[in-house]
Each structure stands twice: as C-alpha cells, then as structure tokens.
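Inspection log for the structure reproduced underneath, given as structure tokens.
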C-alpha cells in the first residue's frame, strides 16, 4: 500500500514535468519494486539537474522526487525505535513507545497532511541535504524518515521539559493541564515548519546514545610550555574534534622566544593541531575544525601569518587545515589611526611570555601595562604599525586567515567583570564570547530562527508577534537540549552546567527582505534588522527570567556576581537605536529580583549547512550568488535563487522572453547589475544584488545597528572584489576593520571572501567551511 502511494506520487510529479515541457527527458515509471523506483528517481533527477538553471519548477519537482526516494528508504516506527545504529536513549524510546497511537493521531498524521507538502516542495538542495546529511542512516541502506527525525528531536526535549516544574507552561500554546503529547506537538511543529532550525550536532545526535550535541567549544589551556600544550591538544582538543565539535583555542600563553633547545615553539604545536584536524576529517562526512587565538603582540605573530596558502615560508610548517584569529586590543587600532593621521615612526611591539600579564587585561589596564612594558624594554622586537597591518590584511585576503576580533569590546560588554581574568578567545566561527580557562571550557548550544517563517501572506508583511513566540519557544527548546545533551569531556560538562549559555541566531534575513520587496540595505530593511534583534533579545531574556520567577529554577552559577544582578543589560554599553516600545525597565527590575536561568542568549552564526535545508539565505549575510554551483563527487549541484526565479516568471509571461533574460544572466554570472546596467531604485530586480555588489560599509553598519542587542557576537564576513587588474585593495579591507572597530563590534572579520576579477563566479580567501557552528 505504501509503495503504491509513493509510486502514484512519483507518477504525478512526472506528469507535471511533462506539462512543463520536459517530456523528452522522461520515460514514464514502470518500476515494480522500491529499488527499481529509487533507481528511476535517481536517473530522472540526474537528467534534469542542468535544467534547474532555467526553470525553478523543475528544481522544486526534483526535490519532491528526492523526498519520494527518502520515503522508499524509510523504515517502520518499530524498526526505527529498535535500530542499533540509531541507538535511541532508553528514556526517549520509552516515551515514544508508550504513546505511539497518541503521537500518530495528534502529531504525525497532521504533519503529513498540513506541513509535509510545503517541506517537500522547498527544492532539490533541501531534499538532498536531509537525505545525505541529517537523516540517520540505518541498517541495510535504510533511512530515518522526516517524521521520525522531527519526532526524535521533539520527544527528547519534551521528555526533559515536562520534568521541570511549570516550565512547559511558558511555551506558547501550552496551559495548565497539558500532556506530554501537547508539549511534543509544539516542538515538533516548530521544527517541521522550520521555524526553529537546530545546530547540526543537535539534528544528528540528539536523543541518541552516541555523539555530542554542542556545536562550539572554547578552550584556554593556559599552557606556558610546549609539553603542556601538547597534552591539552591530544587530550581535550582531540576528544572534542572526534565528537565533531568545532574548537576555538587560545594559545597566547604559549609565547616563547626560540632557543637552542626550543626552536619552534608555537609553530610545532600548530603543526600538531593541523595534522590532528586533517586526520580526524579524513574519513568524516562532516568535517570540523580549529581556530587558534593569539593576540597581535605575540612574538610569533608574523610567523603564524605565514603558515597557510601561498604565504608559507617553510613547507614543514604548512597548516592549511586550521585557522587563526587575532584577539586584537584597541591599542593596536589606536596606533594605526595615529599613523593614518600622519604620526611618524609609529611602532608595534611584540612581547614574549614575560609580558603574559597582558593576556589577562583589557581596556585602559591593558594599554597602561603595555606602555610600561615598552618603556622597561621588555619587547622582543618592534615593527612599523603599517607593516603589521599590511601583513594581517594580505594573509586574510590571500589565505582566508586570520579572522579578527576586538578583545576590549568582547570583555567590556561581557556580563561578568573580567579585568585581571580576561576572555582570551572565541570559537571556530567568531560569534561566541565566553570565558574559558584550564578548568572549564566555554560551550554553546546553537539554533537559528528562520525569519522567512515569520512572514504573513497577502499582502506580505513581517509578523513580529510570530517572531516573539518563536524566540520564546526556542529558549525552552534549547534548555531541553542542554538537559538532554551529551558533552565530550568533564571540562565541557562543567562549562555547560555553570553557564547554560544559549546561542540563538537567525537565518534568511536577505530572503525575508526580498519577499518583502526590500533591498537588504534599504531603510525599511535596516529598521526591521534592528527590530528583529531587539525583540529576540528581549523575549529570550524574559523567558529565561520567567524560568526562575515562575518555574522556580535557580539562576545560572555566578549570577549574583554578574553585572545582571546590578541591573546591567547588554545594550547599556552602546549608543542604542530602538524602534520598539518594549518594557525593558520592567525586565531589568525582574532580572535583579529573580535572576536569569541562562547567562547568554543571542549569537549570530553562519548557517551554511542548515540554510540549505530551508532554501533561504545564510544567517544575516547577503546571498553570495543568484545561481550557486558546487561540484561534488556525484556531479555539479545547482541552487538557484528561487525568489529571483519566481520574480522573473511573474515579470515575463512570455516564456521566450523569460529565457532570453535568463541567458543574459547566465553570461554575466547571474549578476543583475552586470546583466542590466544601472537599474532605477524602484526596479524590482535591483534588490537581487549579491554580497559582492553591496557597499560593504552598509553591511558593517547593519551589524553595528543590531549589535546592542546581540549579547555574544556576529560572524561578519567581508566580501571584497578584486580590481580589474587582479589586485586586492588592502586599504579597503583595513578601512572596513577600522569602521567595525569604531562601531564597537566584537567581530571585525570572520572570512574575507575575495571575488576574482578574472572569473566573477569564483571566491578566494577561505575555501574551508565550518559545519560545526555553521549549523
């Protein structure tokens, strides 16, 4: 019966493709077994892939066919519950087994009727990402179904939440007298409608006995010798990497001048890390990575900046598998600005571990101590500030590393006083700000809110109330993940227990603006940009406070010593723009009175992986290209900008004219600017500019405008285009960093993406992608 239903669905999709004019690509299905039908689907999709460049209807139909293939590979509920490979935890399995009929009636049947059709028609990339990556591969080539996938996540969180007094009643739509199934249905629906998109480790491992569920791990082993650093790397770092977590590790304390007996210092440790990452990723479908944090006064700074790509000086110490981030004090930019204003002989001094106290300081305390150490002659060498700046920019542009973060902004706007015990680094993707030390890791559990699901139809508008409810649900969901999660080592468990840090981000900001008819950097879009951030921070903090006030839970450890307990809110450190009349004063008083269950709330991460299942733009970034192309082992994978394709179909009722426009776009790498020249501000296609065509200053300013309400940080990538002669404007990149510094941002540069002048379809400056934090 199930095979016949799927066969009929395939037949209906094939008929639609024929009606769209693609009969010559198709042989009608005559398959008599599931295996034959799966092979048939694979053949048809392979034939039609190239056509998706011109017809979004084919792209969506191919996605539906892949969903049929997923259904052909799926197993019964009984087989799924008892699968040794899936290995559900006993609590989750028992919770589902005891309510199977109730779950089927109240959750699964409504999903298949109401939500699944929209999910199945999102597109080819979405379907393939679920099939290849997120759905658990079971015995004999079988696959977890989408019903089972969403149920695993929702049931795991529900099982934890219903055991917390009164917490479930904080979920929108849940009242006193609720049942386990009521709560599970809310989470299931939020996941199935893609309102909440959990991080990759959560989707892969939550509810299972195997795998760790956190995305980001921050470490500072405080290693002052190579031996101690090696022990830290082969211990905790290796353990986390094998659990597929991404690592940000501060190695600033390993700051030795080379001697006869110790000639390589930090370089040798970086090489060990590089080899470890390469080995762990060599047989893994989900690669992870490491970002090493040092401050720009480290004695090995210039050597570290020559360990990747074409800048490598010594092949023995090539480290192309890891990244570096400069944890940069304000003093560096103050000196560079002094140089720009005409000051002569502006120097930057490098120190060894005799100046280790600088690692623990920030702000004025750092500056005064740095100046004193310079006067005392403890510097190892001095370099013209412009030479250091150029070396940093050249390395970022050519190799994609270093990233750059602002040490003082991160510490100044942290919820604890860190003077004398400063935060020393961030995570792999530069959006998490937590204190780590030799005894405790910083750990963050991530999820993003898909902004496109907050759009109301006819006429299209952004529903702030919907965002508010989703933000509240996400807080409860992630706290359930924290309670149920697996973590790879004791120091990670300690970090989770003490801080209960959440990292709630967004995805689909550009797509949302497109559907509203806004250019991403237009005034209406910039206003919405701030409203989204403010409402999310307010609602997440309010929900966390109510977990203490209404739910009776204890605040996070250290709350009484935190700035929160004294009435501080993150936006107090900024010149805040607000477009919403929210009762912040009342919330401030309530936090002082009742506390916060969680210590942190918002972190705007890249959503490279999960944005593929939602078919929307990544994070808060502009769309990179209106026709994304990726070559894989199975061939070229195309992902068109469906909003542009839909708009072209609406604009051109004549198919011949529409195809003519698409051919023009094809010849110009799908750039509307290159294809059609100077478009008027009111032209409907102007808003389809890509990341490299936006003024980067506007994108930095948008990050700055929402920064007061982002209590962690934002993975801000810069998109730079080569000049026609193939040169990269280093001053352009440096000016953007200065702009970010002056705006008080915490992250100045995640990736620096360079588009080649010779081929506008190519990127450079960082080909590796983090899928740990990238959701």
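For all residues, glycine too, the Cβ spot is worked out from N, Cα and C.
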Do you know which of 245, 246, 458 Swiss-Prot groups with 200, 215, 216, 427, 428, 429, 430, 431, 606, 607, 608, 609, 610 in the substrate site? 246
Residue 427 (substrate binding site) in three-state DSSP notation: coil
Where the distance is taken from Cα to Cα, which of the binding-site residues 200, 427, 429 turns out closest to residue 751 (site 'Important for electron transfer')? 429
Across all protein chains in the structure, which of the binding-site residues 200, 427, 607, 609 has the highest Cβ count within 10 Å? 427
Residue 444 (disulfide bond) versus residue 609 (substrate binding site) - Cα distance in angstrom: 18
Residue from 200, 216, 427, 431, 607 whose C-alpha is spatially nearest that of residue 750 (site 'Important for electron transfer'), among the binding-site residues: 431
I'd like the number of other C-beta atoms within 10 A of the C-beta of residue 429 (substrate binding site), please. 33
Using the residues the record lists for substrate (200, 215, 216, 246, 427, 428, 429, 430, 431, 606, 607, 608, 609, 610), what whole-number Å value is the largest Cα to Cα distance? 19
Top Cα neighbour of residue 444 (disulfide bond) in the set of binding-site residues 200, 216, 427, 607: 216
If you count other C-beta atoms within 10 angstroms, which of the recorded positions 216, 444 is the most crowded? 216
